[in-house]
Amino acid sequence: MSPLATNLALIFLGFIPSLIWLGVFLKKDPHPEPRLLLTKVFLMGMILAPVAVGFQWSFVRLGEKFSPVIFSFSSTHFFLWAALVEELVKYWSVKYTVLRNPEFDEPVDAMVYLIAASLGFAAIENILVLFRSSTESLNLALQIWTLRSVGATFLHALSGAIIGYFLALSWFYFEHQKKLVAIGIILATLFHFTFNIIVFSFQETREGFVYSLILLLIFAGLIQALFKKIKERSLAARPLK
């Protein structure tokens, strides 16, 4: 396979998990969103991904002036910072793309669009990881891709859904929108941070895979319940005709 064909294949593979998970979550929206708007949000998640990388690198650069132990890629402080930055970027992707759009017309849309932005972000992350790992071997890249398809990509969708739920709640408590969004970002960050710590602490072990999968399944059940709850609340809030 030529280098060009290999690169195109890696890019294609990077998108597949995000598109599959997006299709799964879109089925939960009773009134499907415009495809063009979903595409814009997905692309915005991709476009802003380098912003997160920039903030993460700036954190590590602080180690040159302060403690290199605290400000390093392997520190718990970095994992917390990285998770926070990524969740903020996902929220910004929605805030500056669709939050004031007329099509954003029901609470559950908040969860759908946050998931779309998160999966756009995950696609870029997957592509970068694939290119980096492929320099060692294509087999390694495929192994990592398989794990990320059911792990990190799903994580991004779930953490985005958490923020989306609290943004959806602000539909009913608009005067508390900033507080609710902040709570959502904090909870999503802690979930994201916990997942990363598990993966880092049990690198390439069966225990790490099992623990991280259990965490994802617990939150998948939670997100399922939150989708149902926000739909029911939306129906209850509609005026009778």
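Using N, Cα and C of the backbone, Cβ positions are placed for all residues, glycine too.
Within the same chain, residues 38, 42, 112, 115-116, 119-120, 122-124, 126-127, 130-131, 134, 138, 141, 145, 148-149, 153-154, 157, 161 sit at least 6 positions outside the transmembrane segment (6-25) and bring their C-beta atoms closer than 8 Å to a C-beta of that stretch. As annotated by TrEMBL, transmembrane segment applies to 6-25 (among others).
Taking Cβ pairs closer than 8 Å, the transmembrane segment (37-57) reaches residues 18, 22, 26, 78, 81-82, 85-86, 88-90, 92-94, 96-98, 101, 103, 112-113, 116-125 in its own chain, all 6 or more past its ends. The feature transmembrane segment is assigned by TrEMBL to 37-57 (among others).
Under the heading transmembrane segment, TrEMBL lists 69-89 (among others). Tertiary neighbourhood of the transmembrane segment (69-89): same-chain residues 45, 48-49, 51-52, 55-56, 59-63, 121, 156, 159-160, 163, 185, 188-190, 192-193, 196-197, 200, selected by CB-CB distance under 8 Å and a gap of 6+ residues from either end.
Positions annotated as transmembrane segment by TrEMBL: 110-131 (among others).
What TrEMBL lists as transmembrane segment is 151-173 (among others).
Residues or ranges marked as transmembrane segment in TrEMBL: 180-202 (among others). Remote same-chain residues near the transmembrane segment (180-202) are listed as 74, 76, 79-80, 82-84, 86-88, 91, 151, 155, 158-160, 162-167, 169-170, 173, 208-209, 211-212, 215-216, 219 (criterion: CB distance under 8 Å, separation of at least six residues from the stretch ends).
Annotated transmembrane segment per TrEMBL: 208-227 (among others), in sequence order.
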